[in-house]
Amino acid sequence: MKLPGQEEFEVSSACENVPTGELENGPGSCPSPDGTSDTDRGDRGVPTDSLLFIQLNELLGWPQALEWRETGRWVLFEEKLEVGAGRWSVPHVPTLALPSLQKLRSLLAEGLVLLDCPAQSFLELVEQVTRVESLSPELRGQLQALLLQRPQHLIQPTGTRPCQGSAHPREASHNEEAPLKEQRQNPLRQKLPPGAEAGAVLAGELGFLVRPLGAFVRLRDPVVLGPLIEVPLPSRFFCLLLGPSTLGRGYHEMGRAMAVLLSDRQFQWSVRRASSLHDLLAALDAFLEEVTVLPPGRWDPTARIAPPKCLPSQHKRLLSQLREVKGPSAQHGALAEDRHGHWPHAPSPELQRTGRLFGGLVQDVRRKALWYTSDFLDALHPQCFSAVLYIYLATITNAITFGGLLGEATNGAQGVLESFLGTAVAGAAFCLMAGQPLTILSSTGPVLVFERLLFSFSRDYSLDYLPFRLWVGIWVATFCLALVATEASVLVRYFTRFTEEGFCALISLIFIYDAVGKMLSLTSAYPIQSPGSPAYGCFCQYPDLGGNESQWKKTEPKDRDDISSMDLGLVNASLLPPPECARRGGHPRGPGCHIVPDIAFFSVLLFLTSFLIATALKHVKTSRFFPSVVRKVLGDFSSVLAMLLGCGLDSFLGLATPKLMVPSEFKALECFQPVVHAHVLLPPTTQGLGTGPTLPGRGWLVSPFGANPWWLSVAAALPALLLSILIFMDQQITAVILNRAEYKLRKGAGFHLDLFCVAVLLLLTSVLGLPWYVSATVISLAHMDSLRRESTACVLGEPRSFLGIREQRLTGLVVFILTGASIFLAPVLKFIPMPVLYGIFLYMGVAAISSIQFTKRVQLLLMPAKHQPDLLLLRHVPLSRVHLFTAIQLACLGLLWIIKSTPAAIIFPLMLLGLVGVRKALEWVFSPQELLWLDELMPEKERNIPEKGLEPEYSLSGDTEDVSRRMGPLRRRGQEWGGPS
């Protein structure tokens, strides 16, 4: 028999079996045991109760030497005492025999039930429990002495021997009510959260009893019951199940059944609020109505079901209880919760119109000002140090990459120096002023494409590029400020997951494509040598000695294997290595003399090593290896450790792999002449000292006109309009992705404030002739991933729950300050191989594209139906419709990639905007219910579709009448309970 909700435990991909809004949690980012955090439950009106630790003490040794021994313990899952091995079993999902629950119900119905018992010690509790008429005074005394006997616990504190309690009966004294030293040192105590309570179940066979004795006690005030519980927790529940000897292990199974009942959150909720025996039995009956029975012979009863990676939500069961208490008023909210798989949330306050000019901006400033101090104090955590190193190296690599590409695209008008300076200035200013400081500003692929087109247009029509670019930037800043003034950012509500996934997949593929492309380009700089290739061969030519006829004779080697020295026709040459040739007075000649053939292969090795190590260390965090502290450190510092290992391997072999190079000082370049490795994004050569920009002949301030006609300042509004669309889409889609509800951000977003900051920085960078910057999707996602907060207290068998993101401004600010200071760190940074950084780029791209539901649906296209994961999506939408939706997304992604890579890239901003139109058109192809699971409903669709139109078979809860019926026994007591406080 399986317990309530357990039918969902064995779903192959538990964390994926949620609607689309919950798919990006990633590995190890599951909700708390009941599906949400305590804070969320409290905000939603769901009562919160303390976590309960349940212990089963069994009476053994009848009739020779009776002793109490702890044989099981529960929090969420069961742990059994493995006596032979002297250890606790791994946590597993408990299974029960149905008769044990039925017998337990009968025993409780005839036994003693004390609710809100005022006992203040274990001795008082024992006296209360033994006051039953069926016990004679003599038996009562024997039973009290037996119950006061100290139980045996398997406690093994660090560095000590296992502690076994005394088996001799003894009366409890005042000192025995205090926790023992072994209890305080129990490592299990660290796994339980503050405020946890205990429940004790005592079960066994007692020969001198004539009839069964059952008692259930709920203490009014939790009390530490001395050594009864292995952890010194205040006890809330006490259950006694004793009786005469029977065949089998009846009382043991009844004790397990009682412990499993108390470990069930919904049963706890009911029992904590019960006021009579009838309420207790009603809660047990409600539990029985939800159990699932496994037929005998179809499974192994001794098999242990492993805990799921992500626990299913318990809200539907709890809501049904609340409906019984509160009445039909809770019905509407419950249906909404069932339909979406999570609680319905009100529209974000950041996306509500105020109806005033710059009203949204003012609201964002007021909202974020309340958190400004904590934005710096919250960064005082070691995890932020790892995030700074990780994002810093990614940022400078990105700056060098786009600086080199921008230099090639603009013929040196902008280069690596401008890229470093602009990244530092714009990024630091954004982190100080923005509404979402976790965003990382950077040059992006779409903006680089626009820069290339703008320069080509200026060159073809003999225009001064930088003045023309200045006016384009002025117009773009003006348009963006107009969008801020009119609160246009509220339109991001129409950016559904379809649009977000298309854009995120495009940017991620650009990262992957560039990382792999730069690695493959190394084979041109360091060609692979093979016999017969044009670059193969290097000979040592000796100087002409004059008149020596032996120089003109072709000699054969004495041995076919001895070809280290031979005469080749007209010149005296040998196949000596170049250093040996020079030592003997010769001159190396040939195309392969100065090429090291190992560099290309070793660079690929570094590239793959850094990528695989970063991926593996990230997964260590959720593995079973190493203690939890070690796993957390390895997971948080995965990228940094991968870089250090790559640098160490490169230094050990000493090969001349291409290294990271940054400008060592502010220099003016006489000309932009990329070095021989420009295709692998090494910086240009520098000639001449100074403090000016890359392009000679201009200062840091761009002239507004130059040689351009005055009317060009007006005509620049046309390309600026297209760039404004691109900036708005790029910035706001990234902002929507970063501010999704599954990241559990507490401090809110700032869509209007972020766009305002980007507009001001666009104006500043245009005046200074620096690159334009906008939110970088992949690096920003990597930044947030490096700041994930997880629970520190994990109960036995429970994975660490995702708590949210460490929201602060300091990591981004330090990253950009270090980027500006990188000019002075060049002697250190020059030891970092570029292939290692390309591997980290590949890791970021793969991590970003793997986190979206689109990737999982693409994988479904390649899987036979019988091997597909049991996603809830596939339970409610036909597979053919899922494939059709995925094919449309693939077609849109392919079209965006083609347009980006062709001269038609000028319309790329319009194509991004067109994704919203395509999504709107899909409402003619897919039903609202299908779009609810595949994507999201648009705002007006949510208003126009009646609630009843989304209730049928697609509802998570199935038949709503069946949901109402499940807690039928509690319906009769709803009014008597009076509802939760």
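Quick reminder: no glycine exception, Cβ is built from N, Cα and C everywhere.
Please treat TrEMBL annotations as automatic predictions, because they have not gone through curation.
Ranges compared are 810-829, 890-909, and TrEMBL records transmembrane segment for 810-829. Note: the stretches the transmembrane segment (750-774) and the transmembrane segment (599-617) are not in contact (fewer than 3 CB pairs below 8 A, sequence gap of 6 or more).
Outside the transmembrane segment (710-729), and at least 6 residues removed from its termini, the chain residues within Cβ reach (under 8 Å) are 446-447, 450, 454, 457, 463, 468, 471-476, 478-480, 483, 488, 503, 704, 755, 758, 762, 772, 774, 906-910, 912-913. Here the domain 'Band 3 cytoplasmic' (175-301) has, by DSSP, the following mix of helix, strand and coil residues: 50 helix, 30 strand, 47 coil. The stretch from 599-617, 810-829, 836-854 that makes the most Cβ contacts under 8 Å with the transmembrane segment (637-656) is 599-617.
Sequence-distant contacts of the transmembrane segment (836-854) (same chain, six or more residues past either end, CB-CB distance under 8 Å): 20, 23-24, 26, 393-394, 397, 497, 500-502, 504-505, 507-512, 514-516, 518-519, 606-611, 614-615, 618, 639, 642-643, 646-647, 650, 660, 777-779, 781-782, 785, 886, 889.
Comparing 470-491, 599-617, 810-829 for CB pairs under 8 angstroms to the transmembrane segment (419-450), the maximum falls on 810-829.
The list of residues near the transmembrane segment (810-829) in space but at least 6 beyond its ends in sequence, with Cβ under 8 angstroms from a Cβ of it, reads 375-376, 379, 384, 387-388, 391-392, 395-396, 399, 420-421, 423-425, 427-428, 430-432, 437-440, 660-666, 783, 787. Residues of the same chain lying 6 or more positions beyond the ends of the transmembrane segment (599-617) and with a Cβ under 8 Å from any Cβ of it are 515, 519, 522-523, 526-528, 634-635, 637-639, 641-643, 645-646, 649-650, 653, 655-658, 833-840, 842-843, 846.
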